[in-house]
Amino acid sequence: MIWQEKIDAALDARRVADALRRRYPVAQGAGRWLVADDCQYLNFSSNDYLGLSHHPQIIRAWQQGAEQFGVGSGGSGHVSGYSVAHQVLEEELAEWLGYSRALLFISGFAANQAVIAAMMAKEDRIVADRLSHASLLEAASLSPSPLRRFAHNDVTHLARLLASPCPGQQLVVTEGVFSMDGDSAPLEEIQQVTQQHDGWLMVDDAHGTGVIGEQGRGSCWLQKVKPELLVVTFGKGFGVSGAAVLCSNTVADYLLQFARHLIYSTSMPPAQAQALRASLAVIRSDEGDARREKLAALITRFRAGVQDLPFTLADSWSAIQPLIVGDNSRALQLAEKLRQQGCWVTAIRPPTVPAGTARLRLTLTAAHEMQDIDRLLEVLHGNG
């Protein structure tokens, strides 16, 4: 098979399965409204959970940062790209989440890949929740360490895997809030089992940070768990982009030496770090509390109104509210019908989710109003 035949065959297989991904250019994709092709839609696809992407205080911080530092960092943090703006943000994140150190990364994907690549060796073992994010599972698959996957949130299965002989170290990997189902990991139980087998715990809390817990400190804080490695991202609750790894002083020093994604990538712009500091200030404030309370009320309203629809509603009290349809074509058709009636939703299909569980991944944000939820419910009931 020549290259073009290989590529064509892969694309054809996706088309036949109604699994071909497409991008839609939008004029505005975050916030309450999505604008595309000169049309305005209620936006139920954004991860901007607290509605901070258009917050004037955060926008102003980015603008002022650009005026002070320029629009780029100019290099890797190991050369000239580590600014005082980065340093202060790392210190504030570490203090907020109760860790000795924080290290900034350009994305959550890069952070997850970097940590696993740097930490794991051939004699070690990675034990990951089977529904962990693609960045975690891909990094584990590429690692020289063997990967074992435990059934979703099944602590008993995890314990059995950890109990089998391992010549090196064991790293347990999970998410705080799962990106496709919106449910939460039983982190306290997972940490107890991990510690019983002398392992370390790595939690990706991309969808919990900023959104749940006291001052938005996330899933681990809420469950009174402190993993050895905590990954937080800034494209969801923070409304910006980027990520950080929270850890001990010695682990941070180790990652600075061996995390190639960190060493060989241009740092995020200092202006972005300034915007993230402003976002963190909002998240920790009374306004942040009010936004989280509003989001919780919207979630309650939605779940109360969707119970009698002929779809499976995931066990989620997070901003992620998946309606599991099952069939790929049915999910695509339903998403299109909702768009025609003014609600922008996204159909998620395999391989992102398991076969037979195609879904509408609905996301609610603090930018929504109660009437927006009522409109979504009205449209769903009309197409159920």
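Using the three backbone atoms N, Cα and C, a Cβ is placed for every residue, glycine included.
Note that the coordinates shown come from a computational prediction; the quantities given were computed from them, not determined experimentally.
Over in Swiss-Prot, the protein carries these features:
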| type | residues | note |
| --- | --- | --- |
| BINDING | ARG21, HIS133, THR352 | substrate binding site |
| BINDING | GLY108, PHE109, SER179, HIS207, THR233 | pyridoxal 5'-phosphate binding site |
| MOD_RES | LYS236 | N6-(pyridoxal phosphate)lysine |
List the other residues in this chain whose Cβ sits within 8 Å of the Cβ centroid of the pyridoxal 5'-phosphate site residues GLY108, PHE109, SER179, HIS207, THR233, in sequence order.
ASN112, HIS133, SER135, ASP204, ALA206, VAL231, GLY235, LYS236, ALA243
Return only the integer: C-alpha distance in Å from GLY108 (pyridoxal 5'-phosphate binding site) to THR352 (substrate binding site).
17
Cα-Cα, SER179 (pyridoxal 5'-phosphate binding site) versus THR352 (substrate binding site), nearest Å, comes out at 10
From ARG21, HIS133, LYS236 (recorded positions), the ones whose CA sits within 10 A of HIS207 (pyridoxal 5'-phosphate binding site) are LYS236
Identify, among the binding-site residues SER179, THR233, THR352, the residue whose Cβ has the fewest other Cβ atoms within 10 Å in this structure.
THR352
Taking the Cα atoms as reference points, how far is LYS236 (N6-(pyridoxal phosphate)lysine) from HIS133 (substrate binding site) in Å?
15
For ARG21 (substrate binding site) and PHE109 (pyridoxal 5'-phosphate binding site), the CA-to-CA distance in whole Å is 19
Out of the recorded positions ARG21, HIS133, HIS207, LYS236, the residue with the smallest number of other Cβ atoms within 10 Å is ARG21
CA pair THR233 (pyridoxal 5'-phosphate binding site) / HIS133 (substrate binding site), Å rounded to integer, equals 13
Since the record lists GLY108, PHE109 as binding-site residues, which of them has the fewest other Cβ atoms within 10 Å of its Cβ?
PHE109
Provide, as an integer number of angstrom, the distance between the C-alpha atoms of THR352 (substrate binding site) and PHE109 (pyridoxal 5'-phosphate binding site).
15
